[in-house]
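Participant: Below is one structure. I have some questions about it.
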Amino acid sequence: MALIDPFNRKIDYLRVSVTDKCNYRCGYCMPEQGAHPEGRHTEYLDYDELARIIKAFVDLGVTKVRITGGEPLVRKGLPGFIEEIQPYEGLEEIALSTNAHHLDKHAVALKKAGLSRANVSIDSLQPEKFNKITRGGNLEKVLAGVDAGLAAGLNPIKFNMVVMKGTNDDEIEAMVDYGIEKGVEVRFIETMPIGEAGISLMDQHYPMEKIMARVRAHVGTDLIPATGKSHDGPSKNFHIKGTDAKIGVISAVSQHFCESCNRVRLTARGVLALCLGQEDSVDLRTPIREGISDEALKQMIVDAMLKKPEKHFFNENVHNIEFRQMVSLGG
């Protein structure tokens, strides 16, 4: 069996949220009061349950798993969990999305456990502005985490910058320069109308064509389109000639990437979300806790792919996604 949706897209990438809790409160991701302020830890899948679902997906052809949150490093035992799933035959890569606040403490253990690489959310290089965007974040701590990750061999590390008009759009060029200095990829991301947090910031939407025009003006003819197969999915990537740096752009709103979608998302509470921008989902926690067999679980996952929608409707109707929070989906 393989995972094929109704539009003949092969699903080979699973994003797994291990928690919807986060030590930051970025405005486009999480409401100020938190996503589930009254949520119980018993609602979370435990690591054995998560591992069992991941094994089923890998047996069905998934080759890449990304660990997300919330902030995954606030959940204890993450290196051990990665070590548990790393040997699965057919799993080629385990990646992490993090705010890097705790990465300096865990980078070596994560690499030893089998983590391949990390994406770091960093929306400003100015400490006060960074603190404001994240509602309390510490830029110095994050950059120390980045350095620790690079030193541990988590390579490549990618920076994800959500560009917001009037908030941090004045730092596009500075972020490019920092990427060149560190030899990392910087990915610029449009704001997306997901959940009350994301919808509330759509007046700060900064379109991708403006971002790329400024990047091109800054680096000139040294921006070269990247070629070759990649798991980067929606990111359009460019090399900067003469450096180890790359630029990536994710234009979920102005130029959607649905025709090549190869991923689904598993939330920490056991919901299999089939589209980032629609409510289509399947509950896996209940059958797991009721003792479903491995083969029946695989068949349930195969059947779930038949419910995957063709595309999102970010440009047409934001209201169909206001009840989800980005922090629960893991991006």
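Even glycines carry a Cβ here, placed using N, Cα and C.
The feature GTP binding site is assigned by Swiss-Prot to Arg15, Arg66, Ser97, Lys158, Arg263, Val264, Arg265, with sequence analysis given as support. Feature annotation from Swiss-Prot assigns [4Fe-4S] cluster 1 binding site to Cys22, Cys26, Cys29; the stated evidence is sequence analysis. Feature annotation from Swiss-Prot assigns S-adenosyl-L-methionine binding site to Tyr28, Gly70, Ser121, Met192. The [4Fe-4S] cluster 2 binding site annotation in Swiss-Prot covers Cys258, Cys261, Cys275. What Swiss-Prot lists as domain 'Radical SAM core' is 6-234, and the listing cites sequence analysis.
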Participant: Starting from Gly70 (S-adenosyl-L-methionine binding site), work out which of the binding-site residues listed here (Ser97, Lys158, Cys258, Arg263) have their Cα within 10 Å, and give them in sequence order.
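Facilitator: Among Ser97, Lys158, Cys258, Arg263, the ones whose Cα sits within 10 Å of that of Gly70 (S-adenosyl-L-methionine binding site) are Ser97.
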Participant: Within the chain of Ser121 (S-adenosyl-L-methionine binding site), which residues six or more apart in sequence place their C-beta under 8 angstroms from its C-beta?
Facilitator: Cys26, Ser97, Thr98, Asn99, Ala100, Asn160, Val162
Participant: At 10 angstroms around each C-beta, which of the binding-site residues Cys258, Cys275 has the fewest other C-beta atoms nearby?
Facilitator: Cys258
Participant: Given the binding-site residues Cys22, Met192, Cys258, which one's Cα is the least distant from that of Arg66 (GTP binding site)?
Facilitator: Cys22
Participant: If one measures from the C-alpha of Met192 (S-adenosyl-L-methionine binding site) to the C-alpha of Lys158 (GTP binding site), what distance in angstrom results, rounded to a whole number?
Facilitator: 20
Participant: Given the binding-site residues Arg15, Cys22, Tyr28, Cys29, Lys158, find the one whose Cα is closest in space to the Cα of Cys261 ([4Fe-4S] cluster 2 binding site).
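Facilitator: Going through Arg15, Cys22, Tyr28, Cys29, Lys158 one by one, the closest to Cys261 ([4Fe-4S] cluster 2 binding site) is Arg15.
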Participant: Pick the one among the binding-site residues Cys26, Met192, Cys261 whose Cβ has the fewest other Cβ atoms within 10 Å in this structure.
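Facilitator: Counting other Cβ atoms within 10 Å of each of the binding-site residues Cys26, Met192, Cys261 gives the minimum at Cys26.
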Participant: Nearest to Cys22 ([4Fe-4S] cluster 1 binding site) in three-dimensional space, by Cα, is which of the binding-site residues Tyr28, Lys158, Val264, Arg265, Cys275?
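Facilitator: That would be Tyr28, the closest of Tyr28, Lys158, Val264, Arg265, Cys275 to Cys22 ([4Fe-4S] cluster 1 binding site).
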